[in-house]
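Can you read through this structure? Questions will come right after.
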């Protein structure tokens with residue numbers, strides 16, 4: 001449900017004809033929220049890439065663990081101050097949410113591992129495969145039919161991912177394997193989240209589950225599981241030996257990544273309320289273009305004309321898919 005200020009903003013209307021100051025104010029809010037969302041989402045990926053590649057930090061699970069801990073501390077603090085509302089984390093609620101949280105943790109960890117080995121531009125293109133898996137999953141699990149434009153866009157995504165991998169001058173088989181796993185986990189999370197949310201609402205005190213409660217629930221449950229996986233992957237030995245944890249600047253960058261992760265949740269919800277699902281989806285697709293360019297420039301990624309064309313093709317396919325989904329919904 002949209003906020004009162006955003007009721008007809010998708011159509012460029014404020015509900016009061018001739019009220020230009022109010023209309024300008026609403027469009028300024030939409031622009032500001034959209035800018036905040038784009039900056040936070042781009043910055044999060046770039047900072048993670050910086051930590052994992054430029055610092056050569058080999059403990060991606062610990063990085064995820066620390067980011068989630070930062071999110072939990074901030075959300076709990078804001079809740080105690082009365083600035084946001086969160087549901088109490090009861091045992092019944094955590095039992096319902098735990099299976100989807102396992103997928104959530106796997107999604108974050110595989111994302112970290114793939115980002116360490118693959119350049120940012122190729123990660124954004126390969127993530128399009130998630131839409132293909134989700135589309136097929138919706139068809140078989142929920143009998144949801146997609147129109148031809150959606151399938152055409154998904155086909156373009158597959159072509160761009162394959163051609164991008166073939167022409168990738170910094171191709172890394174390990175990174176690509178982690179990214180493929182990430183695509184399947186992300187699609188699984190998307191397909192199971194709605195049903196889990198409906199079940200979870202039945203065991204909450206208010207009968208609802210807002211964005212802040214989901215952030216708190218996901219990040220809190222991820223802490224013990226992340227700690228167990230960190231030990232399993234022998235990260236603790238590495239953490240004990242690495243000099244990076246003795247650098248205050250490194251802790252600042254890691255903390256910034258945690259803040260940006262939480263900022264994505266806040267700004268995406270703000271942007272969605274100020275505009276709507278249509279604008280939100282399209283801006284999310286368009287946002288990958290400056291992110292890919294920034295990833296290539298900032299990290300001096302070796303590229304070729306063929307690979308650049310494949311990346312651009314994949315980004316355009318993402319925008320085509322977003323527009324096709326909009327038409328399908330309408």
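Note that Cβ sites are derived from N, Cα and C of the backbone, with glycine treated the same way.
Please treat TrEMBL annotations as automatic predictions, because they have not gone through curation.
Not measured: the values here are computed from a predicted model.
Not my notes, these are from TrEMBL:
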- 1-22: region 'Disordered' (REGION)
- 30-47: transmembrane segment (TRANSMEM)
- 32-313: domain 'Sugar phosphate transporter' (DOMAIN)
- 59-84: transmembrane segment (TRANSMEM)
- 96-115: transmembrane segment (TRANSMEM)
- 149-167: transmembrane segment (TRANSMEM)
- 173-191: transmembrane segment (TRANSMEM)
- 212-231: transmembrane segment (TRANSMEM)
- 251-272: transmembrane segment (TRANSMEM)
- 279-299: transmembrane segment (TRANSMEM)
- 305-324: transmembrane segment (TRANSMEM)
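Quick one: where do these features end up spatially?
Sequence-remote contacts of a segment are chain residues at least 6 beyond its ends whose Cβ falls under 8 Å from one of its Cβ atoms, and for the transmembrane segment (59-84) they are 48, 51-52, 105, 108-109, 112-113, 116, 212, 215-216, 218-220, 222-223, 226-227, 229-230, 233, 235, 238-239, 242, 254-255, 257-259, 261-262, 265.
Beyond its flanks by at least six residues, the transmembrane segment (96-115) meets 45, 48-49, 52-53, 60-61, 63-64, 68, 123, 126, 175-176, 178-179, 181-182, 185-186, 188-189, 192-193, 196, 199-200, 203, 217-218, 221-222, 225-226, 229 of its own chain at Cβ-Cβ distances under 8 Å.
Within its own chain, the transmembrane segment (149-167) has Cβ neighbours under 8 Å at 122, 125-126, 128-129, 131-132, 135, 176, 304, 306-307, 310-311, 313-314, 316-318, 320-321, 324-325, 327-328, counting only residues six or more beyond its boundaries.
Counting same-chain residues at least six beyond the ends of the transmembrane segment (279-299), those with a Cβ under 8 angstroms from any Cβ of the stretch are 10, 30, 34, 37-38, 41-42, 45-46, 49, 53-54, 119-121, 123-125, 268, 271-272, 311, 315, 318-319, 321-323, 325-326.
Within its own chain, the transmembrane segment (305-324) has Cβ neighbours under 8 Å at 121-122, 124-125, 128, 131, 147, 149-150, 152-154, 156-157, 159-161, 163-164, 166-169, 281-282, 284-286, 288-289, 292, counting only residues six or more beyond its boundaries.
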For the transmembrane segment (30-47), which stretch among 173-191, 212-231, 251-272 has the most Cβ pairs under 8 A?
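The listed stretch sharing the most Cβ pairs with the transmembrane segment (30-47) is 251-272.
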Taking a Cβ cut-off under 8 Å, which residues six or more beyond the ends of the transmembrane segment (212-231) line up next to it in the same chain?
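Residues 59, 61-62, 64-65, 68-69, 71-72, 75-76, 78-79, 84-87, 89, 93-94, 97-98, 101-102, 104-105, 108-109, 197, 204, 262, 265 contact the transmembrane segment (212-231) from elsewhere in the chain.
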Which sequence positions outside the transmembrane segment (251-272), separated from its termini by at least 6 residues, show Cβ-Cβ distances below 8 Å to it?
30, 33-34, 36-37, 40-41, 43-44, 47-48, 50-51, 55, 63, 66-71, 74-75, 211-212, 215, 245, 280, 283
